[in-house]
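Beneath this line is the structure, given in structure tokens, with notes to follow.
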Amino acid sequence: MSMMDTMLNYLDQDLPEVYRSMSGRELDERIQKAKKALGDDLVILGHHYQRDDVIQYADYRGDSLQLAKTGAKQKNAKYIVFCGVHFMAETADTLAAPGQTVILPDLRAGCSMADMADIEEVEEAWDVLQETFQDTVIPVTYVNSTAAIKAFVGKHGGTTCTSSNAKQVLDWAFRQKKRVFFLPDQHLGRNTAYDQLGIPLEEMVVWNPKDGKFEEQRGPLDSVRMILWKGYCSVHQKFTPEQVHRIRKRDPEMKVIVHPECSFDVVQLADDSGSTSYIIKVIEEAPAGSRWAIGTEVNLVQRLAQEHPDKHIELLSTTMCPCLTMNRIDRPHLLWALESILEGNPIHVIKVDEETKHWSKVALDRMLTV
Ligand code: 13P
Ligand code: SF4
């Protein structure tokens with residue numbers, strides 16, 4: 001176990017003592033044994049940002065869209081253990097069959113971006129938007145949001161999107177209404193609308209929930225088509241235009257590819273942008289000897305570098321950019337979760353209440369059929 005793991009485990013008051021000091025070898029043996037004992041009753045899903053020592057146990061790995069679809073197909077598994085973050089486990093529970101149990105090995109694995117859209121603030125904003133734009137707005141939320149926000153969107157005729165289907169979802173949304181209220185990531189909304197739908201910045205505005213006002217208004221309100229919630233990802237916010245300039249100055253041959261959760265300026269300067277699975281595909285298809293700086297979570301970038309030794313791959317930033325919350329899921333927590341299932345008393349079960357589940361499923365199902 002690394003020093004960081006030991007520290008995080010020490011800080012986690014709930015993790016039973018027995019798992020805190022277990023050697024890597026014992027953890028591995030017991031995880032394998034638990035997986036074997038649970039057999040087809042268990043499926044482990046892992047997001048691409050998950051650490052290597054955990055993702056090795058995933059039956060399926062993928063980006064948010066792939067995992068939502070894969071989770072929904074696992075009708076025979078009694079237990080879905082989600083090595084991702086809280087909103088992903090909520091989505092899995094929303095799409096799960098009756099009787100299935102979804103488990104997040106460490107409940108501290110939240111998402112700072114999802115936490116930036118509070119349901120009461122969203123409802124207040126919606127009232128202002130109805131007054132300002134009447135019935136011309138449809139809400140769309142990035143799946144990186146709580147089940148309550150997804151339910152809100154479902155109730156108001158809208159849908160969800162991920163970074164790999166944002167363009168198709170926005171195309172659909174603009175066929176329904178003149179304007180889109182996009183939650184909670186302003187960057188994914190702005191980047192997709194500008195780059196893939198050709199909507200100019202003059203037709204976008206940012207909604208600041210803290211002071212209840214529009215910001216970054218560049219044209220008349222009447223011409224606004226995208227209303228962007230003022231949320232962002234604390235990991236992708238760390239990539240800057242200066243980093244792109246510095247890389248290009250050092251190595252003009254280097255290609256820069258970033259996730260669309262990065263800021264508008266970074267995405268505009270980059271050679272390419274896309275979801276985690278898109279970035280993986282581009283790197284897989286790149287010729288040997290090509291050189292890449294990647295602007296996304298560090299675990300994925302390091303894994304790509306290891307898997308493609310014939311290509312030069314580095315993180316766009318010189319400082320590490322881990323998704324600290326997702327990284328809280330480590331082997332001791334995974335083992336604790338698996339053994340709790342075997343003992344007949346599963347821990348950290350994620351259960352969305354029935355009313356919220358109904359409406360967030362409406363939103364997710366709309367996305368899955370777009
Ligand atoms: P994707 O999995 O859609 O690429 O999103 C990245 C992310 O931030 C997950 O939270
Ligand atoms: Fe949330 Fe950002 Fe982590 Fe994704 S990378 S889970 S958006 S904090």
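A Cβ is built for glycine as well, from the same backbone N, Cα and C atoms used for every other residue.
Note: TrEMBL annotation is automatic and uncurated.
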Select one of S23, S163: the residue that TrEMBL places in the iminosuccinate site alongside H47, S64, Y142, V143, N144, H259, P260, E261, T276.
S163
According to TrEMBL, C233, C323 bind [4Fe-4S] cluster; which one of C83, C111 is annotated to that same site?
C111
Where ligand 1 binds, which of the binding-site residues Y142, N144, C323 are close by, with Cβ under 6 Å?
N144
Cβ under 6 Å from an atom of ligand 2: which of these binding-site residues qualify? The list is H47, C111, N144, C233.
C111, N144, C233
The number of other Cβ atoms within 10 Å of the Cβ of C111 ([4Fe-4S] cluster binding site), counted over all protein chains shown, is 22
One should report the C-alpha separation between C111 ([4Fe-4S] cluster binding site) and H47 (iminosuccinate binding site), rounded to whole angstrom, as 13
Might you list, by sequence position, any residue in that chain lying six or more from H47 (iminosuccinate binding site) with a Cβ less than 8 Å away from its Cβ?
R61, G62, D63, S64, L67, C83, G84, V85, M88, T276, M326
